[in-house]
Amino acid sequence: MARFELQKLYIDGGYTDAGSDATFDAINPANGEVLAQVQRATKEDVERAVVSAEKGQKIWAAMTAMERSRILRRAVEILRERNDELAALETLDTGKAFSETKYVDIVTGADVLEYYAGLVPAIEGEQIPLRTTSFVYTRREPLGVVAGIGAWNYPIQIALWKSAPALAAGNAMIFKPSEVTSLTTLKLAEIYTEAGLPDGVFNVLTGSGREVGTWLTEHPRIEKVSFTGGTDTGKKVMASASSSSLKDVTMELGGKSPLIIFDDADLDRAADTAMMANFYSSGQVCTNGTRVFVPSHLKAAFEAKIAERVARIRIGNPEDENTNFGPLVSFPHMESVLGYIAKGKEEGARVLCGGERLTDGEFAKGAFVAPTVFTDCTDDMTIVREEIFGPVMAILTYETEEEVIRRANDTDFGLAAGLVTKDLNRAHRVIHQLEAGICWINAWGESDAKMPVGGYKQSGVGRENGISSLNNFTRIKSVQVELGDYASVF
(Lines of atoms letter the chains of each structure in order from A and count residues from 1; the text may use other names and numbers.)
(Lines give C-alpha, C1' and ligand atoms only; values in the text may rest on other atoms or scores of the structure.)
Protein backbone atom coordinates (compact mmCIF):
# COMPACT_ATOMS: atom_id res chain seq x y z
CA MET A 1 0.00 0.00 0.00
CA ALA A 2 1.54 3.30 -1.09
CA ARG A 3 1.83 6.11 1.44
CA PHE A 4 0.44 8.76 -0.92
CA GLU A 5 -2.40 8.75 -3.43
CA LEU A 6 -1.94 8.22 -7.16
CA GLN A 7 0.19 11.02 -8.62
CA LYS A 8 -1.37 12.40 -11.80
CA LEU A 9 -0.08 14.74 -14.50
CA TYR A 10 -0.36 18.50 -13.98
CA ILE A 11 -1.72 20.21 -17.10
CA ASP A 12 -3.62 23.46 -17.60
CA GLY A 13 -3.66 24.48 -13.96
CA GLY A 14 -4.71 21.19 -12.36
CA TYR A 15 -4.23 17.46 -12.00
CA THR A 16 -5.43 15.28 -14.85
CA ASP A 17 -5.27 11.60 -15.69
CA ALA A 18 -2.72 10.39 -18.20
CA GLY A 19 -3.90 8.89 -21.45
CA SER A 20 -3.06 5.37 -20.28
CA ASP A 21 -3.21 3.38 -17.05
CA ALA A 22 0.57 2.85 -16.96
CA THR A 23 2.31 3.89 -13.73
CA PHE A 24 5.65 3.59 -12.00
CA ASP A 25 6.57 3.49 -8.32
CA ALA A 26 8.15 6.29 -6.32
CA ILE A 27 10.44 4.49 -3.85
CA ASN A 28 11.90 5.70 -0.56
CA PRO A 29 15.55 4.64 -0.90
CA ALA A 30 16.04 4.65 2.87
CA ASN A 31 13.80 1.61 3.36
CA GLY A 32 12.35 0.47 0.04
CA GLU A 33 8.84 1.73 0.86
CA VAL A 34 6.56 2.53 -2.07
CA LEU A 35 5.67 6.19 -1.58
CA ALA A 36 3.26 6.52 -4.49
CA GLN A 37 2.31 5.27 -7.90
CA VAL A 38 2.99 7.90 -10.55
CA GLN A 39 1.27 8.09 -13.91
CA ARG A 40 3.22 7.80 -17.16
CA ALA A 41 2.44 10.49 -19.72
CA THR A 42 1.63 9.43 -23.27
CA LYS A 43 2.54 11.14 -26.52
CA GLU A 44 -1.02 12.48 -26.63
CA ASP A 45 -0.51 13.97 -23.16
CA VAL A 46 2.57 15.79 -24.44
CA GLU A 47 0.52 17.34 -27.23
CA ARG A 48 -2.20 18.27 -24.73
CA ALA A 49 0.41 19.97 -22.54
CA VAL A 50 1.85 21.89 -25.51
CA VAL A 51 -1.58 23.18 -26.57
CA SER A 52 -2.29 24.23 -22.97
CA ALA A 53 1.11 25.92 -22.69
CA GLU A 54 0.64 27.82 -25.95
CA LYS A 55 -2.66 29.20 -24.74
CA GLY A 56 -1.34 30.12 -21.30
CA GLN A 57 1.86 31.66 -22.63
CA LYS A 58 -0.03 34.22 -24.68
CA ILE A 59 -1.89 35.37 -21.56
CA TRP A 60 1.29 35.37 -19.46
CA ALA A 61 3.38 37.29 -22.00
CA ALA A 62 0.64 39.92 -22.39
CA MET A 63 0.78 40.79 -18.69
CA THR A 64 2.87 43.74 -17.61
CA ALA A 65 6.30 43.06 -16.21
CA MET A 66 5.19 44.13 -12.74
CA GLU A 67 2.19 41.78 -12.85
CA ARG A 68 4.42 38.83 -13.74
CA SER A 69 6.92 39.85 -11.08
CA ARG A 70 4.25 39.99 -8.37
CA ILE A 71 2.97 36.50 -9.21
CA LEU A 72 6.46 35.02 -9.09
CA ARG A 73 7.14 36.79 -5.78
CA ARG A 74 3.95 35.29 -4.37
CA ALA A 75 5.20 31.84 -5.39
CA VAL A 76 8.40 32.59 -3.47
CA GLU A 77 6.37 33.42 -0.37
CA ILE A 78 4.43 30.15 -0.60
CA LEU A 79 7.61 28.14 -1.10
CA ARG A 80 9.09 29.63 2.05
CA GLU A 81 5.88 29.11 4.03
CA ARG A 82 5.92 25.42 3.08
CA ASN A 83 9.67 24.92 3.29
CA ASP A 84 9.63 22.16 5.91
CA GLU A 85 6.73 20.30 4.31
CA LEU A 86 8.44 20.30 0.92
CA ALA A 87 11.80 19.40 2.45
CA ALA A 88 10.28 16.41 4.23
CA LEU A 89 8.76 15.17 0.96
CA GLU A 90 12.07 15.70 -0.86
CA THR A 91 13.83 13.65 1.81
CA LEU A 92 11.38 10.76 1.42
CA ASP A 93 11.71 10.79 -2.36
CA THR A 94 15.47 11.27 -2.69
CA GLY A 95 16.91 9.88 0.54
CA LYS A 96 18.73 13.15 1.15
CA ALA A 97 19.10 14.11 4.79
CA PHE A 98 16.37 16.41 6.10
CA SER A 99 19.15 18.50 7.66
CA GLU A 100 20.12 19.27 4.06
CA THR A 101 16.77 19.59 2.29
CA LYS A 102 15.40 21.85 5.03
CA TYR A 103 18.17 24.42 4.70
CA VAL A 104 19.27 24.09 1.07
CA ASP A 105 16.98 22.59 -1.56
CA ILE A 106 13.83 24.68 -1.21
CA VAL A 107 15.65 27.70 0.25
CA THR A 108 18.07 28.06 -2.65
CA GLY A 109 15.37 27.30 -5.22
CA ALA A 110 13.18 30.05 -3.78
CA ASP A 111 16.17 32.41 -3.81
CA VAL A 112 16.61 31.84 -7.55
CA LEU A 113 12.92 32.48 -8.21
CA GLU A 114 13.06 35.67 -6.14
CA TYR A 115 16.14 36.82 -8.05
CA TYR A 116 14.44 36.43 -11.43
CA ALA A 117 11.17 37.90 -10.17
CA GLY A 118 13.15 41.04 -9.41
CA LEU A 119 14.67 41.08 -12.89
CA VAL A 120 11.38 40.86 -14.80
CA PRO A 121 10.93 44.67 -15.06
CA ALA A 122 14.56 44.99 -16.18
CA ILE A 123 14.08 43.01 -19.39
CA GLU A 124 14.62 45.68 -21.98
CA GLY A 125 15.98 46.37 -25.44
CA GLU A 126 18.33 48.96 -26.89
CA GLN A 127 18.00 52.07 -29.04
CA ILE A 128 20.71 52.46 -31.68
CA PRO A 129 20.98 55.74 -33.66
CA LEU A 130 21.74 55.31 -37.36
CA ARG A 131 21.50 58.91 -38.61
CA THR A 132 19.40 61.97 -37.85
CA THR A 133 16.35 60.51 -39.57
CA SER A 134 16.63 56.86 -38.56
CA PHE A 135 17.25 54.62 -35.60
CA VAL A 136 17.03 50.95 -34.61
CA TYR A 137 15.46 49.59 -31.48
CA THR A 138 15.56 46.03 -30.17
CA ARG A 139 13.05 44.02 -28.19
CA ARG A 140 13.69 40.97 -26.03
CA GLU A 141 10.72 38.71 -26.66
CA PRO A 142 9.89 35.36 -25.02
CA LEU A 143 10.62 32.19 -26.97
CA GLY A 144 7.14 30.76 -26.39
CA VAL A 145 6.81 27.21 -25.06
CA VAL A 146 9.98 25.68 -23.63
CA ALA A 147 10.77 22.35 -21.98
CA GLY A 148 12.73 21.55 -18.85
CA ILE A 149 14.06 18.06 -18.13
CA GLY A 150 15.33 17.57 -14.60
CA ALA A 151 17.75 15.27 -12.81
CA TRP A 152 17.03 13.20 -9.71
CA ASN A 153 19.51 14.71 -7.26
CA TYR A 154 17.95 18.17 -6.69
CA PRO A 155 14.38 17.76 -8.01
CA ILE A 156 12.60 20.91 -6.85
CA GLN A 157 15.71 23.08 -6.95
CA ILE A 158 16.41 22.12 -10.57
CA ALA A 159 12.75 22.70 -11.48
CA LEU A 160 13.06 26.21 -10.02
CA TRP A 161 16.45 26.89 -11.63
CA LYS A 162 14.88 26.12 -15.02
CA SER A 163 11.39 27.55 -14.61
CA ALA A 164 12.36 30.81 -12.87
CA PRO A 165 14.21 32.48 -15.79
CA ALA A 166 11.86 30.92 -18.33
CA LEU A 167 8.74 32.27 -16.65
CA ALA A 168 10.36 35.61 -15.84
CA ALA A 169 11.03 36.10 -19.55
CA GLY A 170 7.38 35.44 -20.42
CA ASN A 171 7.58 31.83 -21.56
CA ALA A 172 5.52 28.78 -20.61
CA MET A 173 7.39 25.67 -19.47
CA ILE A 174 6.57 21.99 -19.69
CA PHE A 175 8.70 20.23 -17.10
CA LYS A 176 9.58 16.56 -16.93
CA PRO A 177 11.11 15.56 -13.60
CA SER A 178 13.30 12.50 -13.27
CA GLU A 179 11.32 9.28 -13.09
CA VAL A 180 13.26 8.51 -9.90
CA THR A 181 12.18 11.65 -8.01
CA SER A 182 8.96 13.20 -9.31
CA LEU A 183 6.98 14.19 -6.23
CA THR A 184 8.07 17.71 -5.27
CA THR A 185 7.89 19.07 -8.82
CA LEU A 186 4.16 18.33 -8.83
CA LYS A 187 3.87 20.33 -5.60
CA LEU A 188 5.73 23.20 -7.27
CA ALA A 189 3.12 23.21 -10.04
CA GLU A 190 0.39 23.55 -7.40
CA ILE A 191 2.25 26.48 -5.84
CA TYR A 192 2.63 28.31 -9.15
CA THR A 193 -1.11 27.99 -9.78
CA GLU A 194 -1.95 29.15 -6.26
CA ALA A 195 0.32 32.17 -6.75
CA GLY A 196 -1.68 33.25 -9.81
CA LEU A 197 0.23 31.82 -12.75
CA PRO A 198 -2.17 31.44 -15.69
CA ASP A 199 -3.26 27.88 -16.45
CA GLY A 200 -0.86 26.05 -18.72
CA VAL A 201 2.18 28.22 -18.03
CA PHE A 202 3.82 25.48 -15.92
CA ASN A 203 2.80 21.94 -16.80
CA VAL A 204 4.39 18.78 -15.35
CA LEU A 205 4.59 15.51 -17.27
CA THR A 206 5.88 12.47 -15.40
CA GLY A 207 7.40 9.44 -17.05
CA SER A 208 10.64 8.15 -18.50
CA GLY A 209 13.22 10.15 -20.35
CA ARG A 210 13.25 7.61 -23.17
CA GLU A 211 9.58 8.32 -23.84
CA VAL A 212 8.39 11.64 -22.43
CA GLY A 213 11.79 13.30 -22.67
CA THR A 214 12.17 12.25 -26.29
CA TRP A 215 8.68 13.44 -27.22
CA LEU A 216 9.43 16.83 -25.70
CA THR A 217 12.79 17.27 -27.40
CA GLU A 218 11.34 16.23 -30.77
CA HIS A 219 8.20 18.36 -30.56
CA PRO A 220 8.25 20.96 -33.36
CA ARG A 221 6.45 23.67 -31.38
CA ILE A 222 8.75 23.61 -28.36
CA GLU A 223 11.36 26.34 -28.82
CA LYS A 224 14.03 25.42 -26.26
CA VAL A 225 15.08 22.48 -24.09
CA SER A 226 16.91 22.94 -20.80
CA PHE A 227 18.34 19.61 -19.64
CA THR A 228 20.22 18.47 -16.55
CA GLY A 229 21.65 14.96 -16.47
CA GLY A 230 24.42 12.72 -17.72
CA THR A 231 26.65 13.56 -20.67
CA ASP A 232 25.62 10.58 -22.81
CA THR A 233 21.93 11.40 -22.43
CA GLY A 234 22.66 15.09 -22.97
CA LYS A 235 24.23 14.36 -26.34
CA LYS A 236 21.09 12.50 -27.42
CA VAL A 237 18.84 15.32 -26.19
CA MET A 238 20.91 17.92 -28.02
CA ALA A 239 20.91 15.91 -31.25
CA SER A 240 17.16 15.35 -31.07
CA ALA A 241 16.42 18.99 -30.26
CA SER A 242 18.51 20.34 -33.12
CA SER A 243 17.46 17.80 -35.75
CA SER A 244 13.74 18.22 -35.07
CA SER A 245 13.40 22.00 -35.23
CA LEU A 246 16.74 23.67 -34.45
CA LYS A 247 15.73 24.22 -30.83
CA ASP A 248 17.95 26.21 -28.54
CA VAL A 249 19.41 24.09 -25.73
CA THR A 250 20.96 24.48 -22.31
CA MET A 251 22.84 21.40 -21.14
CA GLU A 252 24.07 21.02 -17.56
CA LEU A 253 25.88 17.69 -17.70
CA GLY A 254 28.37 15.53 -15.85
CA GLY A 255 31.75 16.20 -14.33
CA LYS A 256 34.89 14.67 -12.87
CA SER A 257 36.18 17.77 -11.21
CA PRO A 258 39.62 18.41 -9.71
CA LEU A 259 40.29 19.85 -6.26
CA ILE A 260 43.93 20.93 -5.90
CA ILE A 261 45.49 21.22 -2.46
CA PHE A 262 48.66 23.33 -2.57
CA ASP A 263 51.59 22.89 -0.22
CA ASP A 264 50.91 26.13 1.66
CA ALA A 265 47.28 25.24 2.40
CA ASP A 266 45.93 24.89 5.90
CA LEU A 267 45.36 21.13 5.95
CA ASP A 268 42.29 21.36 8.17
CA ARG A 269 40.67 23.75 5.72
CA ALA A 270 41.79 21.58 2.83
CA ALA A 271 40.27 18.48 4.42
CA ASP A 272 37.03 20.31 5.21
CA THR A 273 36.83 21.49 1.60
CA ALA A 274 37.48 17.99 0.26
CA MET A 275 34.76 16.55 2.49
CA MET A 276 32.19 19.05 1.22
CA ALA A 277 33.36 18.44 -2.35
CA ASN A 278 32.78 14.69 -2.06
CA PHE A 279 30.23 13.70 0.57
CA TYR A 280 27.58 16.43 0.60
CA SER A 281 24.26 14.99 -0.57
CA SER A 282 25.79 11.52 -0.18
CA GLY A 283 28.16 12.38 -3.00
CA GLN A 284 25.40 12.87 -5.57
CA VAL A 285 26.32 16.34 -6.86
CA CYS A 286 27.42 16.95 -10.45
CA THR A 287 30.04 19.52 -9.43
CA ASN A 288 31.77 17.29 -6.86
CA GLY A 289 35.55 17.52 -6.70
CA THR A 290 36.20 13.80 -6.74
CA ARG A 291 39.80 14.01 -7.98
CA VAL A 292 41.69 15.41 -5.01
CA PHE A 293 45.29 16.34 -5.85
CA VAL A 294 47.68 16.58 -2.88
CA PRO A 295 51.44 17.29 -2.80
CA SER A 296 53.30 14.01 -2.31
CA HIS A 297 54.92 15.08 0.94
CA LEU A 298 51.53 16.01 2.46
CA LYS A 299 49.71 12.82 1.44
CA ALA A 300 49.94 10.97 4.76
CA ALA A 301 48.96 13.99 6.83
CA PHE A 302 46.05 14.78 4.51
CA GLU A 303 44.83 11.18 4.60
CA ALA A 304 44.79 11.27 8.39
CA LYS A 305 42.68 14.46 8.36
CA ILE A 306 40.22 12.91 5.90
CA ALA A 307 39.92 9.63 7.82
CA GLU A 308 39.22 11.55 11.01
CA ARG A 309 36.41 13.50 9.32
CA VAL A 310 34.86 10.49 7.59
CA ALA A 311 34.60 8.80 10.99
CA ARG A 312 32.50 11.75 12.20
CA ILE A 313 29.88 11.50 9.43
CA ARG A 314 26.44 10.82 10.91
CA ILE A 315 24.96 8.15 8.65
CA GLY A 316 21.37 7.19 9.34
CA ASN A 317 17.68 7.69 8.75
CA PRO A 318 17.49 10.79 6.54
CA GLU A 319 14.30 11.92 8.29
CA ASP A 320 16.29 12.33 11.53
CA GLU A 321 17.57 15.92 11.60
CA ASN A 322 20.77 14.71 13.30
CA THR A 323 21.68 12.67 10.21
CA ASN A 324 23.93 14.35 7.64
CA PHE A 325 24.46 11.43 5.25
CA GLY A 326 21.60 9.35 3.88
CA PRO A 327 21.19 6.59 1.32
CA LEU A 328 21.79 6.88 -2.39
CA VAL A 329 18.78 7.88 -4.47
CA SER A 330 17.82 4.38 -5.65
CA PHE A 331 18.81 0.74 -5.45
CA PRO A 332 19.92 0.57 -9.12
CA HIS A 333 22.15 3.59 -8.56
CA MET A 334 23.58 1.96 -5.43
CA GLU A 335 24.58 -1.05 -7.54
CA SER A 336 26.26 1.26 -10.05
CA VAL A 337 28.30 2.96 -7.33
CA LEU A 338 29.25 -0.38 -5.76
CA GLY A 339 30.41 -1.51 -9.19
CA TYR A 340 32.79 1.45 -9.40
CA ILE A 341 34.08 0.72 -5.90
CA ALA A 342 34.80 -2.87 -6.91
CA LYS A 343 36.58 -1.59 -10.02
CA GLY A 344 38.74 0.72 -7.90
CA LYS A 345 39.86 -2.17 -5.72
CA GLU A 346 40.47 -4.36 -8.77
CA GLU A 347 42.66 -1.72 -10.44
CA GLY A 348 44.88 -1.31 -7.39
CA ALA A 349 43.61 1.74 -5.52
CA ARG A 350 43.87 1.42 -1.74
CA VAL A 351 40.73 1.82 0.35
CA LEU A 352 41.35 4.37 3.09
CA CYS A 353 37.73 4.52 4.28
CA GLY A 354 34.50 2.71 3.50
CA GLY A 355 34.36 0.70 0.33
CA GLU A 356 31.20 -1.29 0.93
CA ARG A 357 27.43 -1.29 1.25
CA LEU A 358 26.08 -0.73 4.76
CA THR A 359 23.88 -3.65 5.82
CA ASP A 360 23.72 -3.58 9.62
CA GLY A 361 20.26 -3.24 11.16
CA GLU A 362 17.96 -0.78 9.41
CA PHE A 363 20.65 -0.02 6.83
CA ALA A 364 19.89 -3.38 5.18
CA LYS A 365 16.53 -2.07 3.96
CA GLY A 366 18.02 0.94 2.21
CA ALA A 367 20.45 1.94 -0.53
CA PHE A 368 23.24 2.90 1.88
CA VAL A 369 26.87 2.97 0.73
CA ALA A 370 29.65 3.90 3.14
CA PRO A 371 31.54 7.15 2.44
CA THR A 372 34.51 5.82 0.50
CA VAL A 373 38.01 7.22 0.06
CA PHE A 374 40.53 5.66 -2.31
CA THR A 375 44.19 6.61 -2.17
CA ASP A 376 47.29 5.59 -4.14
CA CYS A 377 45.22 6.40 -7.23
CA THR A 378 46.56 6.98 -10.74
CA ASP A 379 45.11 9.02 -13.58
CA ASP A 380 44.29 5.98 -15.72
CA MET A 381 42.04 4.29 -13.16
CA THR A 382 38.33 4.01 -13.95
CA ILE A 383 37.38 5.67 -10.66
CA VAL A 384 39.53 8.66 -11.66
CA ARG A 385 38.33 8.89 -15.27
CA GLU A 386 34.57 8.31 -15.04
CA GLU A 387 31.81 10.11 -13.17
CA ILE A 388 30.57 7.87 -10.35
CA PHE A 389 27.97 10.24 -8.86
CA GLY A 390 28.36 8.76 -5.43
CA PRO A 391 30.37 9.12 -2.20
CA VAL A 392 33.73 8.10 -3.65
CA MET A 393 36.83 10.31 -3.29
CA ALA A 394 40.07 9.59 -5.16
CA ILE A 395 43.31 11.00 -3.71
CA LEU A 396 46.16 11.60 -6.17
CA THR A 397 49.62 13.03 -5.54
CA TYR A 398 51.66 15.50 -7.59
CA GLU A 399 55.02 17.30 -7.50
CA THR A 400 54.75 20.63 -9.36
CA GLU A 401 52.18 23.29 -10.20
CA GLU A 402 52.62 22.78 -13.93
CA GLU A 403 52.08 19.04 -13.56
CA VAL A 404 48.91 19.32 -11.52
CA ILE A 405 47.35 21.86 -13.91
CA ARG A 406 48.02 19.55 -16.86
CA ARG A 407 46.58 16.52 -15.07
CA ALA A 408 43.59 18.43 -13.71
CA ASN A 409 42.68 19.40 -17.29
CA ASP A 410 43.28 15.90 -18.67
CA THR A 411 39.60 14.94 -18.80
CA ASP A 412 36.68 15.09 -21.21
CA PHE A 413 34.73 16.98 -18.55
CA GLY A 414 34.97 20.61 -17.49
CA LEU A 415 32.17 21.37 -15.07
CA ALA A 416 33.95 22.52 -11.91
CA ALA A 417 37.35 22.96 -10.30
CA GLY A 418 38.77 24.33 -7.09
CA LEU A 419 41.90 24.84 -5.09
CA VAL A 420 43.05 25.55 -1.55
CA THR A 421 45.99 27.89 -0.98
CA LYS A 422 47.01 30.94 1.04
CA ASP A 423 48.73 32.49 -1.98
CA LEU A 424 46.13 34.54 -3.88
CA ASN A 425 48.51 35.23 -6.74
CA ARG A 426 48.88 31.50 -7.26
CA ALA A 427 45.15 30.97 -6.77
CA HIS A 428 44.16 33.28 -9.61
CA ARG A 429 47.05 32.18 -11.83
CA VAL A 430 46.01 28.53 -11.57
CA ILE A 431 42.24 29.06 -11.70
CA HIS A 432 42.64 30.97 -14.96
CA GLN A 433 44.34 27.90 -16.47
CA LEU A 434 41.80 25.32 -15.31
CA GLU A 435 39.32 24.25 -17.98
CA ALA A 436 36.11 24.41 -15.98
CA GLY A 437 33.02 26.60 -15.95
CA ILE A 438 32.51 26.83 -12.17
CA CYS A 439 35.52 27.39 -9.92
CA TRP A 440 36.09 27.92 -6.21
CA ILE A 441 39.06 29.25 -4.28
CA ASN A 442 39.36 28.07 -0.66
CA ALA A 443 35.75 26.80 -0.70
CA TRP A 444 33.52 24.40 -2.58
CA GLY A 445 29.95 24.12 -3.74
CA GLU A 446 28.14 27.41 -3.23
CA SER A 447 26.07 28.46 -6.26
CA ASP A 448 24.32 31.76 -5.65
CA ALA A 449 21.40 32.79 -7.86
CA LYS A 450 23.56 35.50 -9.44
CA MET A 451 26.34 33.03 -10.32
CA PRO A 452 26.20 31.54 -13.84
CA VAL A 453 26.51 27.75 -13.67
CA GLY A 454 27.65 25.57 -16.55
CA GLY A 455 30.49 23.55 -17.96
CA TYR A 456 33.28 23.45 -20.49
CA LYS A 457 33.94 20.58 -22.90
CA GLN A 458 31.50 17.67 -22.45
CA SER A 459 30.07 19.08 -19.23
CA GLY A 460 27.50 21.25 -20.92
CA VAL A 461 26.30 24.03 -23.18
CA GLY A 462 24.99 27.37 -21.98
CA ARG A 463 24.52 28.60 -18.42
CA GLU A 464 21.93 28.44 -15.69
CA ASN A 465 21.38 31.25 -13.18
CA GLY A 466 22.67 34.78 -13.51
CA ILE A 467 21.46 37.36 -16.01
CA SER A 468 22.73 35.30 -18.95
CA SER A 469 20.17 32.57 -18.27
CA LEU A 470 17.33 35.09 -18.35
CA ASN A 471 18.55 36.49 -21.66
CA ASN A 472 18.83 32.98 -23.09
CA PHE A 473 15.09 32.49 -22.61
CA THR A 474 14.45 35.47 -24.91
CA ARG A 475 15.12 36.27 -28.55
CA ILE A 476 16.05 39.65 -29.93
CA LYS A 477 13.93 41.42 -32.50
CA SER A 478 15.56 44.36 -34.30
CA VAL A 479 13.35 47.13 -35.70
CA GLN A 480 14.58 49.95 -37.96
CA VAL A 481 12.53 53.13 -37.98
CA GLU A 482 12.91 55.60 -40.87
CA LEU A 483 11.59 59.12 -40.20
CA GLY A 484 12.87 60.73 -43.38
CA ASP A 485 12.21 60.21 -47.05
CA TYR A 486 12.62 56.72 -48.47
CA ALA A 487 14.27 56.36 -51.87
CA SER A 488 13.85 53.19 -53.90
CA VAL A 489 16.48 52.13 -56.43
CA PHE A 490 13.72 50.97 -58.76
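Even glycines carry a Cβ here, placed using N, Cα and C.
Sequence-distant neighbours of D93 (K(+) 1 binding site) (same chain, 6+ residues apart, CB-CB distance under 8 A): A26, N28, L35, P155, T181, S182, L183, T184. In the three-state DSSP assignment, the secondary structure recorded for D93 (K(+) 1 binding site) is helix. Annotated K(+) 1 binding site per Swiss-Prot: I27, D93, V180, in sequence order.
Annotation note: E179 (NAD(+) binding site) sits in a coil segment as assigned by DSSP. Taken from Swiss-Prot, the feature NAD(+) binding site applies to G150, A151, W152, K176, P177, S178, E179, G230, T231, D232, T233, G254, C286, E387, supported by sequence analysis.
Using a 10 Å radius centred on the Cβ of K162 (active site, charge relay system) and all shown protein chains, the other Cβ atoms total 27. Taken from Swiss-Prot, the feature active site, charge relay system covers K162 (among others).
The 10 Å shell around the Cβ of K457 (K(+) 2 binding site) contains 17 further Cβ atoms across the protein chains shown. Swiss-Prot lists L246, K457, G460 with the feature K(+) 2 binding site, giving sequence analysis as the kind of evidence.
Other C-beta atoms found within 10 angstroms of the C-beta of D248 (site 'Seems to be a necessary countercharge to the potassium cations') number 17, with every protein chain shown included. Residues or ranges marked as site 'Seems to be a necessary countercharge to the potassium cations' in Swiss-Prot (evidence: sequence analysis): D248.
Positions annotated as active site, proton acceptor by Swiss-Prot, on the basis of sequence analysis: E252. If you draw a 10 Å sphere around the CB of E252 (active site, proton acceptor), it holds 27 other CB atoms from the protein chains shown.
Sequence-distant neighbours of C286 (NAD(+) binding site) (same chain, six or more apart, CB under 8 Å from its CB) are A151, N153, T228, E252, L253, G254, G255, F389, L415, listed in sequence order. Residues annotated as active site, nucleophile in Swiss-Prot, with sequence analysis given as evidence: C286.
Positions annotated as cysteine sulfenic acid (-SOH) by Swiss-Prot: C286. Taken residue by residue with DSSP, C286 (NAD(+) binding site) is part of neither helix nor strand, so it is coil.
E464 (active site, charge relay system) carries a strand DSSP state (E or B). Over all protein chains present, the Cβ of E464 (active site, charge relay system) has 24 other Cβ atoms lying within 10 Å. Residues or ranges marked as active site, charge relay system in Swiss-Prot (evidence: sequence analysis): E464 (among others).
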**Q.** Listed recorded positions W152, T231, E464, filtered to Cα within 10 Å of V180 (K(+) 1 binding site)
**A.** W152
Q: Among I27, L246, D248, G460, E464, these being the recorded positions, pick the one whose CA is nearest to that of T233 (NAD(+) binding site).
A: G460
Q: Take the Cβ of V180 (K(+) 1 binding site) and count every other Cβ within 10 Å, whichever protein chain it belongs to.
A: 19
Q. Taking each of W152, D248, K457, E464 in turn, which of these recorded positions have a Cα lying within 10 angstroms of the Cα of K162 (active site, charge relay system)?
A. E464
Q) For T231 (NAD(+) binding site), which DSSP three-state class applies? A) helix
